[in-house]
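Here's the structure, in structure tokens; my notes come after.
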Amino acid sequence: MLGLGLALTFMTSALAYQFDNAKDPAYPVLLPTPRNLTFGSQTALIDPCFFAVTSNVTMKEGDTLKVDPKVITANIQEYVTNKVFYKGSDCPATANYLASNVVGLTAEITHQTADLLPPDLEDGDESYTLQVNSSAISIVANQYSGIIRALATLAQLTKYSYSTGRFTYAVKFAPINITDSPRYPYRGFMLDTSRRFFQESTLLQTLDILAAAKFNVFHWHIVDDDSFPFNLTTYPNVTKGGAFTPEQVYSVEQVKNIVAHAEKLGIRVVPEFDNPGHTRAVGFDSYFNEAIRCFMKDWSNNVPDAYRINGGPPTGVLDPSFDKTYELLVGIFTDFNTLFPDNMVHLGGDEVLQSCFNENPNLAKFMEDNNITDYDQLIVWHMAKARYTLQNINRDKKALYWSNEDTFYQEYKDGDILVYWGLAQNITNMTDIYPNQKYVMAPGDYYYMDCGFGNKYGEKAWCDPFKTWWKIYSFDPSDYITGTQCLGSEIAVWSELNGDQNLNVKLWPRGAAMADKLWSDKVPTDLVAIVQRQVAFAEYLNDRGIATSSVVGRWCEKNADHCFAAYPEAKAEKVEELFAATE
């Protein structure tokens, strides 16, 4: 048997990286890289027609499972059927066993919580062991999410084979033994569905892709200035007025389907209501209109200090002096609490155009009555009341906020989570100001996925340049924050120029570089191995009918050692120069 403490151990010889095709490497190529992996030289054959799935669940002491244990078995069976046996099966009418085959998969959960996913992120455990030999597959995990991570690994190991004359599958390099767990508990993906409405089917497929790369958080930026596509049952006229069209609304049933599909895949859904800024769409409801500053329904370009993104709507800002502002928050947070079981809720808090407050001549008296000295403090006062409103509905909810260089005046409670989207070089400024917070890193100069495609006028985008797979991979949160203060990272997808038709090609496989980096141990950079994992993940998606972009030129994909071995410790800037030279 060949031994491998870490997959990156076999970087000792550049020649070992020559591979004629990413589908047929000389060793297991997995994204993310498992923490511990050993493998052999056998091929385990699997006949999907004669393959049994069984599971056993042992509960964490004191917990009672809220779902029927049969649901867990059914979820595992569904994953195997749809994602491991991705080409389907053509089972014969009579028994026709293969001469040698894996007869089944057993999954054992040893410390399951009451919910499939514990509501608190930090109570989750995604660790697992996976064993594959010529007769059986075994998975052991402490919690359900660990089983799903193991199945994602198994799906990458399993290749379709028609050599027997039937739909069969093979796992090379058996026996395989993997012990694995993530480095960071939060590996997130943010999608904006306000600037562009995405079909439910697109979101479900995106969740499938996220699970394949071991992402575990879907941050749903569901509403914004542009539109309000969330079916707000407490105030339906907000949706009626704020959605682009009646058809471009996520119904209650659709939201439930998306959340349930995510949970089945071990992914948390974190809803966001960005406030007090970015709330213009609310103002189309006549009841709440008076509480929205800078609404500018007449679309006048002559309003002083109009906050405007070229080609987009002006902003709207909730007025903290109106009781209706908090009626709205109660309504939204009530619906969020009903539909989203996870304890995390994103409250926004950034890009508040303070000059909008000048529209209200009565605001000065309100501020004086509440001992508020300036607009910075007015926003701080509002965000504290927003958090109180959320936790008054459900005290277990944790507030997340956008943070960058322009929000360092904000004040937070211990336990609040800051999602930092500013420049990476300023991260330490934030941690010095807020030493008692938890952090999720989303630096715009590394993780903003819509950058580099230009804007709608043929000019550069505000956040250029394009973020290559290597630029994404090169950011490591531990270079800025150590210990448990950093929960992880998320890539951000804003949707002015994204849509159902082009989302996958623009995101994958490069977006998976973040999950690759945050799951696996921090190791010396090996560009050749990173390229190989990127290519293998693209092939994985392509095999399942999902279009992706190319990683690099095909010659360099096939001969990665020639193109990248000279850059074993390359900085991102030098690799960007290499990309430019090969275009």
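Every residue gets a Cβ built from N, Cα and C, even glycine.
Residue density at E351 (active site, proton donor): 17 other Cβ atoms are found within 10 A of its Cβ, drawing on all protein chains shown. Reduced to three states, the DSSP call for E351 (active site, proton donor) is coil. Taken from TrEMBL, the feature active site, proton donor applies to E351.
Across the residues of the domain 'Beta-hexosaminidase eukaryotic type N-terminal' (30-157), the predicted structure has a mean pLDDT of 91. The domain 'Beta-hexosaminidase eukaryotic type N-terminal' annotation in TrEMBL covers 30-157.
Among the features that TrEMBL reports, domain 'Glycoside hydrolase family 20 catalytic' is placed at 184-521.
Annotated signal peptide per TrEMBL: 1-16, in sequence order.
Assigned with DSSP, the residues of the domain 'Beta-hexosaminidase eukaryotic type N-terminal' (30-157) fall into helix, strand and coil as follows: 36 helix, 37 strand, 55 coil.
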